[in-house]
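Student: Here's the feature list from TrEMBL:
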type	residues	note
TRANSMEM	A:23-44	transmembrane segment
TRANSMEM	A:96-119	transmembrane segment
TRANSMEM	A:140-161	transmembrane segment
TRANSMEM	A:197-223	transmembrane segment
TRANSMEM	A:244-267	transmembrane segment
TRANSMEM	A:287-309	transmembrane segment
TRANSMEM	A:358-376	transmembrane segment
TRANSMEM	A:388-409	transmembrane segment
Amino acid sequence: MTTLSDPPAESFKLSMLVYDTRYRAITFQIIALIAFLTLVGWLANNTIQNLADLGKEPSFGFMFEPAGYDINQRLIDYSSQSSHLRAAFVGLLNTLLVAVLGCITATIVGVIVGVLRLSGNWLIARLMTVYVEMFRNVPVLMWIVLCMAILIESLPAPSAFRGDDPASTMKLFDSVAITNRGVYVPEPLFARGLGDISVFGAFDISLDLIAILLVLGGSIFVSRRIGKKADATQEATGIRPRTWHIRTGVLLLPVIVLLGLLGFHFGYPELKGFNFAGGTHMRNSLIALWLALSLYTAAFIAEIVRAGILAISSGQSEAAAALGLRSNRIMSLVILPQALRVIIPPLISQYLNLTKNSSLAIAVGYMDITGTLMGITLNQTGRELETVLLGMLVYLAISLSISSVMNLYNNRVKLVER
Amino acid sequence: MKTTVFLGALTVAGLAAGAAGAATLDDVKARGTLNCGVSTGLVGFAAPDDNGEWSGFDVSLCRAVAAAVLGDPTAVEFVPTTGKTRFTALASGEVDMLARNTTWTFSRDVDLKFTFTGVNYYDGQGFMVPKALGVSSAKELDGATVCIQTGTTTELNLADFFRVNNMSYEPVPIETNAEAQQQFLASACDVYTTDASGLAATRATFETPGDFIILPEIISKEPLGPLVRHGDDEWGDIVTWTLNALVAAEELGVTSANAKDMASAATDNPEINRLLGTEGSLGEMLGLGNDWALMAITAGGNYGEIFEKNIGENTPIGLARGLNAQYTDGGLLYTPPFR
């Protein structure tokens, strides 16, 4: 009689790492990882060693020394005595400002152009084609420089506003001055402001702004509640109560009352010395960069939107038309929502491109992070490696945040399959 | 060397390759050309003419060094650099020397690890404004918009000057002289500030130079001079003493016209003899031929000739010698003796 016994336990031999298909794939991946890390380590070590031989050990201590230079556009307090770190931060905010403004404008222009390019009107469709091809085929740097040159050369200098019979006058009831140094618009001021609150001593946040935002948020909440109530009434009785006047009142009145309490008024720009003083100064460098980046990226977004719309079968619009919808409602209620899932992934790339292209800002003297940290700071301290590394990290962080936010949105609008 | 070149390409534009190639003189001789970093275009100091031929005050120094080292003043590869790119170009070994209106400062010398090899122009920062503005002093510039080349010492001086005098200003940072000029001429800025010599050179290219004035205040010391990488003293000596030879030649009355005659036979001035190589072996000590100074001087003339030809009072730029006269004429030019 034979007894069944377990097969002998296979002992693990080193050679199995190569010959056994169960382990081989993992073995090779681990070897590749070690080789890669060694290469990276060797490169880093070599760089540090060579810099040390040059007498320039990598160090980030310079970031805390006074920068010594001035920056014209600053969203937070900054003087030439502030540190390089703060200068980099000022530059970062300027980068973010132009990126946000650019992405919004580019999206609006891009969607309009993309839709119009499919218009049945021959002239409009061709005009949009010309626009798209013009911007897609010329480098963005040239558009930036061109926008700046047009602003500088065609607009009057502040001196043209001077004298009894000036060559130029301010527009819009003497409140807006358009010059070749930028556009000066009235700024909101508060006679009885609440002051500022300092965050970690690093920057100030206006309490007025917080108060207004809070009130506005509350108003929107109440307004939505009214809307929901109207929906419920409609559901129950079939008649929708008229609420728009109440909702408008709820939105506007509290803010107006608050503004009145704070003593809200406008500060108008006026000629003072060499320049206009007072008001908000939108520099030409910002305008040129914003305009060029938006128009350039919009051309790409238009193509993406066109592709997205064309991806929706024409049966969809015919079906919507059969239900009696007008063509603009077909576009906004049927076509675009479906097209979004095709549009959004390439749109993320365009937002990233716009943000990265903003590093061309120095061409027009806009002080973004490339201008401050990777420009003047690099030059004054001679720390190429450190500043460029920091700059790359910053752009990486910005890009990753943009794409993660956009991916969240993409997950919300993408087709839900059952 | 191979590893360092690879690394340089990967990381910081070959910072390391510069360190490895310490013997710049050998590199230049092997290459047969001198790589000289100059400005991207500042008439009088360094600018290409219609034929693409570079000329100017700084360019002449590059040519003199090339003549001293290679015996040929045309054996120069000019590398245009901006205020921002110049130091990286030098540190990475892309250029052998920089002759580009660069101010000799402590941090550049000590912290950036460069060696300044002398001063070829004693300058100071000035302001240029349109006459129509009616300004006669830099102290009246409160609130002005100022065009400035970014990444320069002038940027720091400007910040200090306005802060110390309790004045405000709006800086318009520009990358190159040409762009600054465009903005200034279009009145996008009230003031253009840079070294006074640069202002004069820029003004000379305007259609109506008479409409602009350079304000009397000079707010800084800007000793401009050539520089080389730290750590190659032999090469530094060559650039230093080539510049000194040009200055000494003017002092000793050696010109591009009479240098050959003076070198053909020993003169009765022993310093001239040592300079021109008819006595002693100064050239060999530098690792060059004994006629190195003769070649440098005949390349473009002595310091005075170079000055007069490129930026002197008879040129459109019209700079007076001022501080840049020989010490015998009340200026600051004073070379250590050739012995």
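Placement of Cβ uses the backbone N, Cα and C atoms for every residue, glycine included.
Can you walk me through where each of these features ends up in the structure?
Tutor: For the transmembrane segment (A:23-44), same-chain residues at least 6 beyond its ends with a Cβ under 8 Å from one of its own Cβ atoms are 16-17.
Through the fold, the transmembrane segment (A:96-119) approaches residues 75, 125, 128-129, 131-132, 286, 289-290, 293-295, 297-306, 308-310, 331, 347, 350-351, 354-355, 358, 361, 366, 368, 398 of its own chain, all at least 6 residues removed from its boundaries and within a Cβ separation under 8 Å.
For the transmembrane segment (A:197-223), the list of distant contacts is 76-77, 190, 247, 250-252, 254-255, 258-259, 262: same-chain residues at least six beyond its ends, Cβ to Cβ under 8 Å.
Below 8 angstroms of C-beta separation, residues 98, 101-103, 105-107, 109-111, 113-115, 117-118, 128, 131-136, 140, 143-144, 146-148, 151, 182-183, 335-336, 339-340, 342-343, 346-347, 350, 353-354, 357-358, 360-361, 364, 366 of the same chain, each at least six residues beyond the ends of the transmembrane segment (A:287-309), sit close to that stretch.
Below 8 angstroms of C-beta separation, residues 67, 69, 71-73, 84, 87-88, 90-92, 94-95, 98-99, 102, 140-141, 144-145, 147-148, 283-286, 288-289, 293, 387-388, 390-391, 394-395 of the same chain, each at least six residues beyond the ends of the transmembrane segment (A:358-376), sit close to that stretch.
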